[in-house]
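Novice: The following block contains the structure, expressed as structure tokens.
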Amino acid sequence: MALINENFLKLPESYLFSDIKKKVEAFKHLHPDANIISLGIGDVTRPIAPVVIEALHAAVDEMGDSKTFRGYGPEQGYDFLQKKIIENDYIHRGVDLAPDEIFISDGAKSDIGNIGDILSMQNRVAVTDPVYPVYIDTNVMGGRAGNIAKDGQHWDNIIYIPCTSENNFIPEPPSVRPDIIYLCYPNNPTGTTLSKNELEKWVNYALENETLILFDSAYEAYIHDEGIPHSIYEVKDAKRVAIEFRSFSKTAGFTGLRCGYTVVPKELKLYDTSKKKVNINRLWNRRQTTKFNGTSYIVQRAAEATYSPVGKIQIQESIDYYMRNAGLLKDCLQKAGLQIYGGDNAPYIWVKTPNELSSWKFFDRLLYECHIVGTPGVGFGPSGEGYFRLTAFGRYEDTIESISRIQNWKL
Ligand code: PLP
């Protein structure tokens, strides 16, 4: 008899986006002519930069010619891309990495999920709350989360670190020591960031407590204020405690093309049960070479093109476009008297719902009174209750139209 991994049965259906869809459908049924604007999606809307498209075409042509055809590539990624990543994303920030510490993949989500393969089930995991749901769900699948509590929101073996306006969205080390902590900065969903000092505290905590930090910097390209680290390795000794996940999705519009990378420094050592230190880079390399056959050549050439001088200008144009949306939205929401967080160094705006409205009540009012769809904060975790996420990834024209509706809104 073949048995299943029963951890999968513990996972509740992911109701958030299907509930949103149902509510929007019900609204459309009542108001078929309403022009609904979605500021809820976490997907980009701008097309791929022209220079990246050119690189894709050129790589496709190479594949059609026996002289330049490529079959299986290195599972870790081509060194032309690893080297570009090191030169452009790390060296000028004072971070020295070797190509074999960079593992190219089909996106950050896969790596964030797969990293659990090389980590013991016995590890105690901590997350900031609210949180990108993948961190929790993949630990449920891996058997590290325990069981879901009666409130349907907390897993009893996960340590939740609330990040709310009360603590200025800065996570404090928990009273129970975690073996692993996920940190995501700039943060999805709150759009908030950590200063170098604040991140340093976490690195020092991890060094003292032998905690592994899984650092997700999928939104680092949106940072423009000085003093906010783009990489955790800008902090001294972070290579000894952290794995970093990066993505071309939000940086260069690759949500459909699929490319990301994970940095696993050779200095990072964890333990086996006999307390012997184990090199994690070697373990991840073994995992990848066995279970992954590499990101496609043409996509890696496309990713490489984002680092060309023209590529940098073109991808920055899209980031500026989204951040102009963020600035306009933020300004309008503040003028409407709402308390707003994020949106300065991230494409997400985290709204405190007024008059103690629940996240879902605010959702209903925004939908029925302004015909705008966003994401209820409670969908990202218990500390998201009373908050609401809006994204800057929409079209400029839609953002402008939303603003004029919000300006006339009687909250
Ligand atoms: N990490 C965070 C925090 C995200 O919000 C997302 C996507 O929304 C990802 C990772 C996934 O990135 P990718 O498209 O590279 O899989």
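Backbone N, Cα and C define each Cβ position, glycine as well.
A TrEMBL annotation is a machine prediction, not a hand-curated record.
Small disclaimer: the values here were computed from a predicted structure and weren't measured.
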Novice: Which one of ASN157, ASN285, ASN293 goes with TYR72, ALA108, LYS109, TYR132, ASN188, TYR219, SER247, PHE248, SER249, ARG258 at the pyridoxal 5'-phosphate site, as TrEMBL has it?
Specialist: ASN293
Novice: Looking only at ASN188, SER247, SER249, ASN293, the binding-site residues on record, which one has the least crowded Cβ, with the fewest other Cβ atoms within 10 Å?
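Specialist: ASN293, out of the binding-site residues ASN188, SER247, SER249, ASN293, has the fewest neighbouring Cβ atoms within 10 Å.
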Novice: Between the recorded positions LYS109, LYS250, ARG389, where is the Cβ count within 10 Å the lowest?
Specialist: LYS109
Novice: Ligand 1 is in the model; which of the recorded positions TYR15, LYS250, ASN293, ARG389 have a C-beta less than 6 angstroms from one of its atoms?
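Specialist: With ligand 1 as the reference and 6 Å as the Cβ limit, the list is empty: none.
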Novice: So what's the average pLDDT for the domain 'Aminotransferase class I/classII large' (35-392)?
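Specialist: That stretch averages a pLDDT of 97.
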Novice: So, in DSSP terms, is TYR15 (substrate binding site) helix, strand, or coil?
Specialist: helix
Novice: What kind of secondary structure is GLY42 (substrate binding site) part of, going by DSSP in three states?
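Specialist: Note: GLY42 (substrate binding site) is coil by DSSP, not helix or strand.
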